[in-house]
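Trainee: Got these off Swiss-Prot a minute ago, pasting:
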- 5-24: transmembrane segment (TRANSMEM)
- 39-61: transmembrane segment (TRANSMEM)
- 68-90: transmembrane segment (TRANSMEM)
- 95-117: transmembrane segment (TRANSMEM)
- 130-152: transmembrane segment (TRANSMEM)
- 162-179: transmembrane segment (TRANSMEM)
- 199-218: transmembrane segment (TRANSMEM)
- 228-250: transmembrane segment (TRANSMEM)
Amino acid sequence: MKAIVIGILASLFFAVTFILNRAMELSGGSWLWSSSLRFIFMVPFLCLIVIMRGTFTPLLLEMRKKPFYWIKWSFVGFVLFYAPITFAAAYGPGWLIAGTWQITIVAGVLLSPLFYVKQDMPGGPQLIRQKIPLVSLGTSVIILIGAALIQLQHAESLSGRMLLFSVLPVVIAAFAYPLGNRRMLEEYGGRLDTFQRVLGMTLASLPFWLILAAYGWWSDGLPTASQTVQSFIVAVSSGIIATVLFFWATDMVRDNPQKLAAVEATQSGEVIFALLGEIVLLSGVFPSLLSFAGLFIIIAGMMLHTFASQPRKPKKKAQSNLTA
């Protein structure tokens with residue numbers, strides 16, 4: 001239950017990404033700067049935190065052992081996640097991006113067979129390939145249906161261009177994020193803490209963000225003061241607070257596929273927070289009755305996930321009242 005609450009809190013801070021990315025695009029900011037500045041701003045904060053915790057040197061030692069592993073999965077988990085998200089914001093509204101992003105809930109469940117979990121066997125601990133938790137898949141699909149209902153009130157305004165450039169990139173991001181996170185969690189979940197993993201992945205992906213920033217400078221010039229400030233807010237809110245909270249929550253349940261799916265499902269809260277944020281901050285369209293039904297289904301789906309992930313208490317054997 002604690003991991004799920006932390007996951008919901010993370011979704012609140014993640015929602016800032018969808019709202020501010022859309023605001024930056026509406027004000028003429030380049031998606032290249034929106035994506036790169038977030039991770040560039042994250043570096044000094046995370047370095048300070050990890051150094052103060054005295055865990056910076058162990059992180060560097062681990063990264064030196066497998067540099068290409070870090071680069072590969074940091075690229076998948078961070079670059080293929082956030083660059084498509086900011087690119088999509090240039091072509092579609094925040095509600096569409098946040099709604100499409102909910103595919104990641106099902107994606108995380110479907111990716112389960114790619115990973116292994118350590119189990120105690122008669123001959124000693126062994127790595128067992130995970131299976132798709134069908135109960136979690138069912139409740140994840142329920143949440144996805146709720147997210148789809150929220151989008152229906154806006155469906156008439158969608159063009160083919162908007163679908164191609166705003167939906168497809170988010171689908172790629174929806175699979176890349178849990179894949180990169182789980183790969184790093186599988187390899188370093190027991191050796192590195194959450195702050196170390198986030199910093200390590202940020203440092204490993206930094207060359208790609210610097211390339212995007214250089215291209216943004218060449219093609220669009222320097223970012224505006226407004227975009228810089230908003231990117232800084234996204235870096236702190238989503239890049240540091242939300243990412244650390246979410247990685248912490250997944251780390252707590254890394255050995256239980258069903259609980260891990262439940263934590264990943266808490267990301268559905270983003271569509272709720274993003275919708276409310278756009279209404280309040282960007283004068284977005286007020287939800288219809290169908291959208292409210294979608295919100296209710298999302299909340300119900302998260303509650304089902306929470307219930308399904310709780311350990312079952314063994315039934316006590318009935319004691320016989322018969323006397324000899």
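Glycine is treated like the rest: Cβ placed from N, Cα and C.
A description of the local structural setting of each listed feature is requested, covering burial, neighbours and distances.
Mentor: Cβ atoms under 8 Å from those of the transmembrane segment (39-61) belong to residues 78, 82, 192-193, 195-196, 198-200, 202-203, 205-206, 209-210, 213, 231-232, 235-236, 239-240 of the same chain, restricted to positions at least 6 beyond its ends.
For the transmembrane segment (162-179), the residues of the chain that approach it from at least six positions outside its boundaries are 76-77, 80-82, 84-85, 87-92, 96-97, 100-104, 107-108, 111, 114, 264, judged by C-beta separation under 8 angstroms.
Tertiary neighbourhood of the transmembrane segment (199-218): same-chain residues 30, 32-33, 35-37, 39-40, 42-43, 46-47, 49-50, 59, 62-63, 67, 70-71, 73-75, 77-79, 83, 180, 184, 188, 192, selected by CB-CB distance under 8 Å and a gap of 6+ residues from either end.
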Trainee: Within the same chain, where does the transmembrane segment (5-24) have neighbours whose Cβ lies under 8 angstroms from its own Cβ atoms, ignoring anything closer than 6 residues to its ends? I mean 6 or more beyond.
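Mentor: Hits for the transmembrane segment (5-24): 31, 34, 85-86, 89, 93-95, 97-98, 101, 226-227, 230-231, 233-234, 237-238, 241-243, 245-246, 248-249, 252, 263-270, 272-274, 277-278, 281-282, 302.
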Trainee: Going along the chain, which residues at least six beyond the ends of the transmembrane segment (228-250) come within the CB cut-off of under 8 Å?
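Mentor: Distal contacts: 3-4, 6-7, 9-14, 16-17, 20-21, 23-24, 29, 33-34, 37-42, 45-46, 181-182, 185, 194-195, 197-198, 260, 263-264, 266-267.
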